[in-house]
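Visitor: Annotations for this protein, taken from Swiss-Prot, read as follows:
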type     : residues : note
MOD_RES  : T5       : phosphothreonine
REGION   : 9-236    : region 'Interaction with NR3C1'
MOD_RES  : K58      : N6-acetyllysine
COMPBIAS : 230-246  : compositional bias 'Acidic residues'
MOD_RES  : S231     : phosphoserine
MOD_RES  : S252     : phosphoserine
COMPBIAS : 256-269  : compositional bias 'Acidic residues'
MOD_RES  : S263     : phosphoserine
REGION   : 272-617  : region 'Interaction with NR3C1'
MOD_RES  : Y314     : phosphotyrosine
MOD_RES  : K444     : N6-acetyllysine
MOD_RES  : S454     : phosphoserine
MOD_RES  : K459     : N6-acetyllysine
MOD_RES  : S477     : phosphoserine
MOD_RES  : K490     : N6-acetyllysine
MOD_RES  : Y493     : phosphotyrosine
REGION   : 729-733  : region 'Essential for interaction with SMYD3, TSC1 and STIP1/HOP'
Amino acid sequence: MPEETQAQDQPMEEEEVETFAFQAEIAQLMSLIINTFYSNKEIFLRELISNSSDALDKIRYESLTDPSKLDSGKELHINLIPNKQDRTLTIVDTGIGMTKADLINNLGTIAKSGTKAFMEALQAGADISMIGQFGVGFYSAYLVAEKVTVITKHNDDEQYAWESSAGGSFTVRTDTGEPMGRGTKVILHLKEDQTEYLEERRIKEIVKKHSQFIGYPITLFVEKERDKEVSDDEAEEKEDKEEEKEKEEKESDDKPEIEDVGSDEEEEEKKDGDKKKKKKIKEKYIDQEELNKTKPIWTRNPDDITNEEYGEFYKSLTNDWEDHLAVKHFSVEGQLEFRALLFVPRRAPFDLFENRKKKNNIKLYVRRVFIMDNCEELIPEYLNFIRGVVDSEDLPLNISREMLQQSKILKVIRKNLVKKCLELFTELAEDKENYKKFYEQFSKNIKLGIHEDSQNRKKLSELLRYYTSASGDEMVSLKDYCTRMKENQKHIYYITGETKDQVANSAFVERLRKHGLEVIYMIEPIDEYCVQQLKEFEGKTLVSVTKEGLELPEDEEEKKKQEEKKTKFENLCKIMKDILEKKVEKVVVSNRLVTSPCCIVTSTYGWTANMERIMKAQALRDNSTMGYMAAKKHLEINPDHSIIETLRQKAEADKNDKSVKDLVILLYETALLSSGFSLEDPQTHANRIYRMIKLGLGIDEDDPTADDSSAAVTEEMPPLEGDDDTSRMEEVD
């Protein structure tokens, strides 16, 4: 390590020390860094290594056109040298170096454009680790250092030293210490409470975390001790040399001691010849260890990388204990140049859709320098499970979040990443077993993508898999469904609900299943959002079997029969609508029911019963939205069912038969439940059911345990039409 200054011994040189005041904004920034507590101070090392990497990039770039630029030092590297005795940490690079003008301008007198912006961001609660994005990463050194010395040598200038204790000014002088050849040496004089950054373990930890993929070797120099076995003679020679240094000892005092030891040794050798080999001494040496041996895997040719290497990199990147499920390694060249390595994990994290979670897990590098790992603009939220790295050659190193949002380069990168992810999923879909694992974990992401990404909706829809009325225990794609469609079938039919069994036994699918029409079962809440956007697939419209206006393939004879039924039951529909009033929008004859007497369908553009259930479960729901989006209910009756036929006869025989009202309400409430809705007044419905149970058990109205108002209601059920007391069921209302 060079001496800090020789000006004290040579007065002539002292005149060459120039003092400069920091530009106001920089002084303010340094004050903010020094006087505010930050927990993640370790980022200073990342910033200084990043600066070194930039300097090395610059000299490497210049040497491409002028190889003689490297005559002052062929090797491009970064060295880290901790010194516990002096309490200094030194970062040395063989980069381009700085001229005197560079030193004065870059480290103090000219504020970078990001200085003020970074201070404002800090005061608004931004993380100190963002400092590099504003181009002022060097000043993060003052997070841990009380004084910083920068010694630098540029090919076009002398060797200079810059120094500041952050007191509002800095000095620049010609450096007469050890010649550097070319490059920059940053010496951090650490604060008393920051000595952890001199520990070998801590430095390795930080470099691995932040800088392991820098494109130049980072070598750590550590002074260590080791035991060395020597003979007693050699040990004594060493001891003698140490004694000679002490002025208090006389040479004459040493001689008899040596003779005595020698004679002792001769006697001991006779007893034990190996004795003199057993003496150990402590020897100090400098250990050099390269910390970033793992070269950026994404810069290599994919054909040269084994699955094991991808696996090791994935685990080091994600700390996952399992191997990845799939990998996509590619580069884009032309007007824009970047490389990317993307992984699909085997399982979704438990907090995949939590609001506080990072929006993505892609690490952004610019020319092998890590920039950030939470760049929201890099990939859409529905792909937030993708892990990996993107390394751009075109983005500026000091890019800020604000710049990223406006960056056209980033928009192109994002578009390419999405495209490659979809390619990866499509490739994965060819392997049925692996795709099944993928879909179990990430189907929600695909469906969220269909809801959010209109541009890629078609490709994403090809990745969907569903159970259907014909698929058994296998999930099938929409393409598979289309290949099995009937000749005269125009639509893709689907039903949404909570479970596979629930939708399979639903009244809505009765006629479709009877006619051999396949129905897709959508049983995840997100399916409701997905089909709101996915209107069609391969020219076939997706139609919900729980909504009004269901069109089924039918011949002329079936159409004629249906019209006759509508005419026959027109009067009953009118009576039922009058009884139910505002509870339903209309009552119509159904073309979808076979074994159920009736069902509740919803209007084409309203919510389904399942969607209404989902929305009611939202803790922060908007009740005004609930009001106008809640399903507009239509009651459909089955003209072929005995209950409906008997009810029609009863209503036509006596328009004023009051039992009809109760029967209609009971049918409506039961249909609500079977169609997936909830009851507004479940207790009243329960009372009706209890009365039916009493009738079934033969419990008489006069039974003292029976409720007066509830016991008589059963007398008005259809089998008891002849009973005189026809008005009893009115009481329940």
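Every residue gets a Cβ built from N, Cα and C, even glycine.
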Visitor: Taking Cα atoms as reference points, which of the modified residues K58, S477, K490, Y493 is nearest to S454 (phosphoserine)?
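Guide: It is S477, whose Cα lies nearest.
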Visitor: What's the CA to CA span in angstrom from Y314 (phosphotyrosine) over to K444 (N6-acetyllysine)?
Guide: 23
Visitor: Highest Cβ count within 10 Å among the modified residues K58, K444, K490: which residue is it?
Guide: K444
Visitor: Just checking the modified residues K58, K444, K459: which sit within 10 A of Y493 (phosphotyrosine), CA to CA?
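Guide: So the list reads none.
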Visitor: Report the nearest neighbour of K459 (N6-acetyllysine) in space among the modified residues K58, K444, S477, comparing Cα positions.
Guide: S477
Visitor: Under a criterion of Cβ-Cβ distance under 8 Å and sequence separation of at least 6, what residues of the same chain contact S477 (phosphoserine)?
Guide: E462, L463, L464, R465
Visitor: Could you tell me the mean pLDDT over the region 'Essential for interaction with SMYD3, TSC1 and STIP1/HOP' (729-733), as a whole number?
Guide: 40
Visitor: Whole-number Å distance between the CA of K58 (N6-acetyllysine) and the CA of K444 (N6-acetyllysine)?
Guide: 46
Visitor: Round to the nearest Å and give the CA-to-CA distance linking K444 (N6-acetyllysine) with K490 (N6-acetyllysine).
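Guide: Approximately 28 Å lies between the Cα of K444 (N6-acetyllysine) and that of K490 (N6-acetyllysine).
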